[in-house]
Amino acid sequence: MGLTLTQKILSAKAGREVKPGELIEIDVDMVLGNDITAPVAIKEFEKIGVDKVFDNTKIALVPDHFVPSKDIKSAEQVNVMRKFAKKYNIVNFFEVGRMGIEHALLPEQGLVLPGDVVIGADSHTCTYGALTCFATGVGSTDMAAAMATGKAWFKVPEAIKFVLKGNLGKWVSGKDVILYIIGKIGVDGALYKSMEFTGNIKALSIDDRFTIANMAIEAGAKNGIFDFDEITEAYVKKRAKREYKVFERDEDAEYSEVIEINLDDIRPQVAFPHLPENTRSIDEVGKVKIDQVVIGSCTNGRLSDMEIAYRILKGKKVHPDVRLIIFPATQEIYLECVKRGYIEEFIKAGAAVSTPTCGPCLGGHMGVLAKGERALATTNRNFVGRMGHPESEVYLASPAVAAASAIAGYIVSPEEVE
């Protein structure tokens with residue numbers, strides 16, 4: 001039998017054909033860590049006893065979870081990264097003011113490219129599969145070993161093939177697509193499998209694809225990956241500073257399952273507490289009052305997400321009972337939002353606008369929920385206590401639904417505030 005897209009990339013790195021279930025050790029093209037995971041990896045790296053990293057251009061250290069530092073402990077975490085970057089001359093250390101949320105920043109900087117094998121000490125590293133590369137999250141010890149050796153080990157995954165048909169309706173985005181899929185297959189529906197997206201992918205922008213690949217892990221997947229097409233090429237061409245290789249799936253590749261997704265059938269989705277699989281169409285939500293809305297994150301903090309929020313919020317006001325927090329995913333996106341007048345409209349509407357940070361998403365800072373509070377967020381997880389108090393609630397939705405709901409004071413379709 002032929003190979004899936006993921007298996008093709010892993011086979012190329014292994015120098016031979018690999019099979020699902022096989023354990024392999026291969027070279028990596030990028031190793032990533034953030035201000036939570038990298039300090040642990042650095043501590044383990046120092047125990048190995050090597051005097052240099054495998055390649056100072058293939059390591060990315062991105063402080064993003066608690067930046068700007070919220071307290072002494074978080075400041076010390078970033079300082080560990082800073083000192084390590086100086087000691088080993090790490091080229092891709094992104095200091096505060098030049099940083100962004102890691103999974104938006106690395107593609108923007110051209111650091112992850114088609115055909116790459118990318119590991120990151122963060123579960124949403126799977127985001128980069130939007131660019132037709134194999135990207136997956138690992139633990140800090142694996143990150144440490146990879147910084148020393150340039151290698152990582154994997155079990156080759158089986159794959160589920162998602163064949164997309166039709167087109168997105170008005171106010172429907174990649175966030176709605178992935179919530180719809182997770183609602184169908186469940187949070188363990190792709191456990192340790194590759195979610196491979198093909199068919200009418202041209203109906204999805206590159207930002208839609210980043211969002212979908214980002215949340216592959218929420219279905220338990222090892223990785224998410226899209227076919228390479230002209231949309232991928234247009235994005236990569238502007239950013240790539242090195243050569244890359246495009247891989248294609250074999251026509252006779254074997255999949256554990258083939259699932260057809262008709263995009264025409266998808267309405268805006270909302271995931272209810274406390275799992276991303278608890279999805280409902282916006283038409284089935286009912287009147288759910290909210291206290292806070294968060295628009296941003298590695299899932300939905302890109303320029304197109306900011307544009308959607310701007311279109312809905314322009315000339316309107318955030319409901320007096322709602323706090324709206326907006327954080328563009330990178331400094332580059334933030335600056336472009338300033339140039340386009342988005343930030344001005346957000347502030348006029350009554351939103352708080354933040355520099356790039358993961359803070360609210362993990363209940364870290366800049367938007368922590370109190371007991372009994374309810375948030376609607378464009379983030380990727382709504383587990384118990386994810387954004388604050390264990391008796392708070394988090395609902396997940398797209399930027400369009402989030403912006404509209406901030407105006408209404410309860411969860412609504414964007415059509416209701418147009």
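Every residue, even glycine, has its Cβ placed from backbone N, Cα and C.
The following features are taken from Swiss-Prot:
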BINDING   CYS298, CYS358, CYS361  [4Fe-4S] cluster binding site
Most crowded position, judged by CB atoms within 10 A, among CYS298, CYS358, CYS361 as binding-site residues: CYS358
Secondary structure of CYS358 ([4Fe-4S] cluster binding site) (DSSP, helix/strand/coil): coil
Any further residue of that chain within 8 Å (Cβ to the Cβ centroid of CYS298, CYS358, CYS361) of the recorded [4Fe-4S] cluster site: ASP64, HIS65, ILE101, HIS103, HIS124, GLY296, SER297, THR299, GLY301, THR357, GLY359, LEU362, THR379, ASN380
